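Following: one structure in structure tokens, then a few remarks.
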Amino acid sequence: MGESEEKKSTKRDKMRWRWMIGASITIVLAIALASRAKPEISPNFGDTNKSCQCSQGKHRHKGTVEDCCCDYETVDHLNGEVLHPILQQLVKTPFCRYYKVKLWCDCPFWPEDNMCRLRDCSVCECPESEFPDSFKPFQRTLSSDDLKCREGKPQAAVDRTLDSKAFRGWTETDNPWTYDDETDNSEMTYVNLQLNPERYTGYNGTSARRIWDAVYSENCPKYPAEELCQEEKILYKLISGLHSSISVHIASDYLIDEATNLWGHNLEIMYYRVLQYPNRVENLYFTFLFVLRAVTKTADYLEQAEYDTGNPTEDIKTQSLMKQLLYDPKLQAACPLPFDEAKLWKGRRGPELKQKIQAQFKNISAVMDCVGCEKCRLWGKLQVSGLGTALKILFSVNNEENLVQILQLQRNEVIALMNLLNRLSESVKFVHEMGAAAEKLVQGRMHYSSRLKSLVQRILASIVKT
């Protein structure tokens, strides 16, 4: 009898160990699968969840965009049917695809440390032969045969569409809203934006987080949102909207598998960094309409500008696309005034407040020199410059009658402005078309994770009872 009881006890112990091993395996698998429901992936400029929370919206993006003169449904319709198709063509023209930028920058706030792990962080500069003769003394150039520049890919070779004819009719003036000295050509280089797309680069960690932390900590007001004046709210919303747009760009063009160089959409990134925070989507739409208003306000100026690159066919196309964008009848009928800047800077504090906010935005543009990833720095500087150009247009003169006579834009500012509007347009379109799919995907994984956790709990309970 004693031996029989001992065998039964041994058998029970073996069964218990089998249960425990099986449960452990199940728990490990459940944790691994559940963790996929909310991956820890960093966007281009750092964790968007680190931004200061001045306000949290609650509505689900219906009705009029706050502080604007157009509703969400109209924005989505006009963007899909009119703006996005035109902008996609415009930014590919010779005039709009070459951007002059200072990439060799010393960070004015802290020692710069590069935290980029992908070759896509690097920027391929344009060879000297691609630009007009008058530009050549100012170039830091690379050979078109440089494989490091081309990343070993024939399709990355620079498109040589420009000949020896110089750009004409554009001024060389500094923008009081931005930090860079736009007239310092000795420090500038030309970059083909079509060969250096903005997308995920692996730039993350402390270096990346510090960028947005600096932007928000220095410029987001440190008092309750209800005490903010309208102008201060708008500065925050512009930065938040740009931030959201950049996060969407990274999610839409993400490195899914580095081993096979597979790129695609990462809808989880978009949900966890943007969609689950309603105010971030609202601010994206606001920034889009704000920049659109700047473009439409300066329609007469841009219509009269010279888009001369030495390629008559492309130059005519550029001017035609610009006119289509500026005077589209559907846009003028549905959303003639995207944003009303005339309401701002009123009262005795107006001039002082404008000077204060101008200094804040200039400081934001200086932070872009601290971005440790070269390609991220390129697109950060371009988009902040585009936003600074929009601020310059809307707040440099008080009425449209004197705009053409008073406003002076340089070619680089127009290029930045149009590329920024295009990037915002792409973000709005991606959110509109893929937002529901992103939410469904995340909710489905959350539900699956919940079921796995429930299974683990049942297994653990059965072990305890055994």
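Heads up, the Cβ atoms here are built off N, Cα and C, so glycines get one too.
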Candidates C370, C376 - disulfide partner of C373 as recorded in TrEMBL: C376
Please report the number of other Cβ atoms within 10 Å of the Cβ of W212 (FAD binding site). 22
Check the Cα distances from C373 (active site, nucleophile) to each of the binding-site residues R199, T201, W212, S240, H243 and keep only the ones within 10 Å. T201
Counting other Cβ atoms within 10 Å, pick out the least crowded of the binding-site residues R199, H243, R273. R199
Local Cβ density at C376 (disulfide bond) - other Cβ atoms counted within 10 Å: 28
Between all pairs in R199, T201, W212, S240, H243, R273 (listed as FAD binders), what's the biggest Cα distance, rounded to the nearest Å? 21
